[in-house]
Amino acid sequence: MQPTDPNKFTEKAWEAIAKTPEIAKQHRQQQIETEHLLSALLEQNGLATSIFNKAGASIPRVNDQVNSFIAQQPKLSNPSESIYLGRSLDKLLDNAEIAKSKYGDDYISIEHLMAAYGQDDRLGKNLYREIGLTENKLAEIIKQIRGTQKVTDQNPEGKYESLEKYGRDLTELAREGKLDPVIGRDEEVRRTIQILSRRTKNNPVLIGEPGVGKTAIAEGLAQRIINHDVPESLRDRKLISLDMGALIAGAKYRGEFEERLKAVLKEVTDSQGQIILFIDEIHTVVGAGATQGAMDAGNLLKPMLARGALRCIGATTLDEYRKYIEKDAALERRFQEVLVDEPNVLDTISILRGLKERYEVHHGVKIADSALVAAAMLSNRYISDRFLPDKAIDLVDEAAAKLKMEITSKPEELDEVDRKILQLEMERLSLQRENDSASKERLEKLEKELADFKEEQSKLNGQWQSEKTVIDQIRTVKETIDQVNLEIQQAQRDYDYNKAAELQYGKLTDLQRQVEALETQLAEQQTSGKSLLREEVLESDIAEIISKWTGIPISKLVESEKEKLLHLEDELHSRVIGQDEAVTAVAEAIQRSRAGLSDPNRPTASFIFLGPTGVGKTELAKALAKNLFDTEEALVRIDMSEYMEKHAVSRLMGAPPGYVGYEEGGQLTEAIRRRPYSVILFDEIEKAHGDVFNVMLQILDDGRLTDAQGHVVDFKNTIIIMTSNLGSQYILDVAGDDSRYEEMRSRVMDVMRENFRPEFLNRVDETIIFHGLQKSELRSIVQIQIQSLATRLEEQKLTLKLTDKALDFLAAVGYDPVYGARPLKRAVQKYLETAIAKGILRGDYKPGETIVVDETDERLSFTSLRGDLVIV
């Protein structure tokens, strides 16, 4: 048969035949024979390779034999362009056509060519005999691969073993111990089994937030199936996870995707209920593969799902379920919902304890139980935009990976010694070129120093290598223990209790003794001298990782917060002068909240600061951010004068759908999503439009706010401060007169009630009145301002000193009871900063000098000192 008509062959078969002339040319041969075709089939890495694999043959070995056979054939010294079809290949193609008729197919496919090789006297017969591939065995393998399929089109190979190509057998992975253990989730697994056991609509869909463990439930079911911990209806079933990406990828022609999916579904239905399909991200089937009139995957699934012919478990997030599945009511009714909630912190700790061994073996480190508890608690507290247990597992994984990296990298002490040796070696080279006695003396000293460092290097290197070796040995033994545990489980499943007992009480016990001995050896090495390597993940490692993720400084997480909170009042007093009552009220409210006595579903604290301008309202908010969250950047400042119009209110939460800027999110909500631990300052709230307070009610009462895109933003870890100038005139009237304080307070509160609704005022924790500043208090504020200026001058290597008279002068000229401390800042700029700036520009002050500022004749005088020497 002359292979001139590609329409008689399948695409893959013709592709291999078309490649044979090229292979013959490469080997300078003029006739195309069966060996060239077999070489082309093996190169495809398709059905031919699969047949050889199932026959138990080694593909590289078969390849070598074919190539060796080709190399032995006669070669032409100068081959002509014309290439002929050899007699053996002609006969092979005739036999392939006979095989095609025998199987009742429409096209010659690769399996027909493989069957024809069994009668090929040139190469095929001998090769098959060598690998033990008889005619019956080949027929069995072809039947196993094809199932009940017939070759009715030119691309049948894409439909063979579809589940193997486009799916992962979870039960097989569970049997091999490649799935992580699933802890808890019994209720959800039980409900899934219950739905799978129904007669019709036996399709559960697992719905939950990303990272709560939906896929883990499917894996847990696979583990239960292999442990026979399921009802009779699910005993010995296969759970196969379908990869929608692989199913769609490479489907070039119209209808090819549908063909692949139909082949998968046919394989599942042909199994008579033996296969359960798991589709992760099930929303991807809606609309998948739909192009101009083509059916999408969801519509292909519907008939089978309804009549119970296909048992399918789906998994998707709440948002995607609503967006894709709920829109298609016909698809939705075929699935039964199983809601997967986020586990609480205690359940997460149990999950982490169950996974601990897996991560220890993988990374070759130990993980302390305190680290697991810290991972669950800190991730729950500090990472609000992700869900447990996923975020806690990620923390443990990353902390263990970091420690593993440190073990394999050179220790810091050794690195320092290496650098020092390199530096001394370079110094020695330059000294060897010198001939004077001082250089020779220095060289002698350097040689001794170098010898000492090299000795230390050798000692440290030896210690590092020995510690590293023991840690590696522990890891290897633990991996073996893991493997033995798998073998024990397999033996128990096979009811081979003799083997299980032999492994458990023989091999496993020996390995556990080995681990104990190695751990003791490592402990001795580490206690005998200074340990170079650490092989246990601790609480501090978890805190360090979370600090990198969230930007909250590590000391904030590890340092005893009690200590910090006890000293909060003193810290605030040192920065905010003359507002003792306000500082005490703020500190006490935060202490109550952090001690766990305030409502956990509301913000940490909320205050209204009332008082005239320049008395320290905003300064106290900044000081609070700095002391609680270690940076003033944790202060989210929103100027309410920007929200005077009704339409501007939407800027807080983001523009509604359909408006410009919808994708950008809100100014307030985005800031808190990025940094959930913040002090929020709403400056001058009396200027805001009334609708702003409707938004505030929700934040103050529930500690949450939903932005325009539907994200719920958590305000439970924020401190909310609102400032206002309302009633300032009454506060200034009684400045310094404590006897009239209550009268003033009631008048100020009357003004507040006139301007704000009672439901708003009622939700605020405390309304704090800031007093007008007294002249005596301004001196302390001057010192704070001077300290700030002195710090800036230090960068230019200048020191600043002010006499008491100079301080009193600045306090006097900067005092204005109406404007508070702001005129003081202007006075420091006018009388002090300007004069020093001019002096620096004129060159009066040189680096290293001290600028002494005094007051003479109601003006400041400046003197420059170098040491005790006065420079005029």
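Even glycines carry a Cβ here, placed using N, Cα and C.
According to Swiss-Prot, the feature domain 'Clp R' maps to 6-148. Here Swiss-Prot flags 161-342 as region 'NBD1', drawing on similarity to another entry. Residues annotated as ATP 1 binding site in Swiss-Prot, with similarity to another entry given as evidence: Gly208, Glu209, Pro210, Gly211, Val212, Gly213, Lys214, Thr215. The feature region 'Linker' is assigned by Swiss-Prot to 343-551, with similarity to another entry given as support. Per Swiss-Prot, coiled coil is recorded for 393-527, and the stated evidence type is similarity to another entry. The region 'NBD2' annotation in Swiss-Prot covers 561-772. Annotated region 'C-terminal' per Swiss-Prot: 773-872, in sequence order, evidence recorded as similarity to another entry.
The binding-site residues listed here are Glu209, Val212; among them, Val212 has the most other Cβ atoms within 10 Å of its own Cβ. Note: the domain 'Clp R' (6-148) comprises 99 helix, 6 strand, 38 coil (DSSP; helix = H, G, I, strand = E, B).
According to its DSSP assignment, Glu209 (ATP 1 binding site) is coil. Counting other Cβ atoms within 10 Å of each Cβ, the binding-site residues Gly211, Gly213 show the lowest value at Gly211. Each of Ala216, Thr317, Val340, Glu342, Phe387, Asp390 belongs to the same chain as Gly208, Glu209, Pro210, Gly211, Val212, Gly213, Lys214, Thr215, is absent from that list, and has a C-beta within 8 angstroms of the C-beta centroid marking the ATP 1 site.
For the region 'C-terminal' (773-872), DSSP puts the residue distribution at 51 helix, 24 strand, 25 coil. Neighbour counts were taken at the CB atom with a 10 A radius for the binding-site residues Gly208, Pro210; the maximum falls on Gly208. Within its own chain, Thr215 (ATP 1 binding site) has Asp280, Ala315 as residues 6 or more apart in sequence whose C-beta sits under 8 angstroms from its own. A mean pLDDT of 79 is what the model gives for the region 'NBD2' (561-772).
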